[in-house]
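Noted in TrEMBL for the protein shown:
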type: BINDING; residues: HIS10, LEU12, GLY37, GLU58, ASP86, ASN101; note: S-adenosyl-L-methionine binding site
type: DOMAIN; residues: 17-186; note: domain 'Ribosomal RNA adenine methylase transferase N-terminal'
type: TRANSMEM; residues: 271-291; note: transmembrane segment
Amino acid sequence: IVFNTGAGQHILKNPLVVNSIIEKAALRRTDVILEVGPGTGNLTVKMLEKVKKVIACEIDPRLVGELQKRVQGTCLANKLEIKVGDILKTDLPFFDACVANLPYQISSPFVFKLLLHRPFFRCAILMFQREFALRLVAKPGSKLYCRLSINTQLLARVDHLMKVGKNNFKPPPKVESSVVRIEPKNPPPPINFQEWDGLVRIAFVRKNKTLSAAFKSSAVEQLLDQNYRVHCSLHNMELPENFKIAEKIQTVLKDTGYSEKRARSMDIDDFIRYSFFSLYVFLLSFFKFYLHL
């Protein structure tokens, strides 16, 4: 098979790495496992020996055929279910754990699709590009700390498990890789994630600047002003003739004590503390449309 590296087809070939991933997943005999991008099945076959069922999602029909041939006529065939198609456009099935060597280009959307999936799963052991993995576990003050970090850590506990060199794949990718364990928080924090992400997005556009500066962006102010006026109209609220959204935003930031804070150094507690939550509720009451940009 000629692998399509543009589609992230880098097959994990080192059996020691495969066994280490399975060991860290702590698989159980009763588990249903979701695997995305099984490739030729090096990881799949090993998991089939240890679990009740593996649901493998693959977009390339050529690799689907290779995987089917690998288990055909064996006792493992009845434990494998293959779904053909784009995992990002497909509803996730029920599963206990997710173990996968992901195509790296779908890393971010798949992580959040996974974390917003219900019912809850136990854990996910996933292979990512090294830099992406380090962003997932980055702490406040780190150069890699970003919106991805805070959003992931809001919804899950994330641990960096192991580094995987490029020579462990066929064909070798151009980047180094890492394996990460993601364990969703159950119950999740009582926050509407889409609304939360909209606000955090503004804060991290200029993560090294103060929140006061971040909210002074003309594009942000224009959107907030437009949506605030819509909000007032819908709720029969009268606006003063000299109303300026910029002054309103800065007043809220100052009153909540967040005017001089910087996103780069704010941890989860800073973002969900009551004073920031007051700002969160106030702003989100009228900038819903911004969430979709």
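Each Cβ is built from the backbone N, Cα and C atoms, and glycine gets one as well.
Everything TrEMBL records as a feature, shown here on the structure.
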residue	record	contacts (Cβ under 8 Å, 6+ apart)
HIS10	S-adenosyl-L-methionine binding site	PHE3, ASN101, PHE169, LYS170, PRO171, PRO172, PRO173
LEU12	S-adenosyl-L-methionine binding site	VAL18, GLY39, ASN42, LEU43, ASN101, MET127, VAL164, ASN168, PHE169
GLY37	S-adenosyl-L-methionine binding site	GLY8, GLN9, CYS57, GLU58, ALA100, ASN101, LEU102, PRO103
ASP86	S-adenosyl-L-methionine binding site	ILE59
| Across the listed S-adenosyl-L-methionine-binding residues, HIS10, LEU12, GLY37, GLU58, ASP86, ASN101, what is the farthest Cα to Cα distance, given in whole Å? | 20
| request: Have a look around ASN101 (S-adenosyl-L-methionine binding site) and count the other CB atoms within 10 A of its CB, chains all included. | output: 27
| task | Run through the Cβ atoms and count how many others sit within 10 Å of the one on GLU58 (S-adenosyl-L-methionine binding site). | result | 23
| query | Looking only at the domain 'Ribosomal RNA adenine methylase transferase N-terminal' (17-186), what is the mean pLDDT? | reply | 96
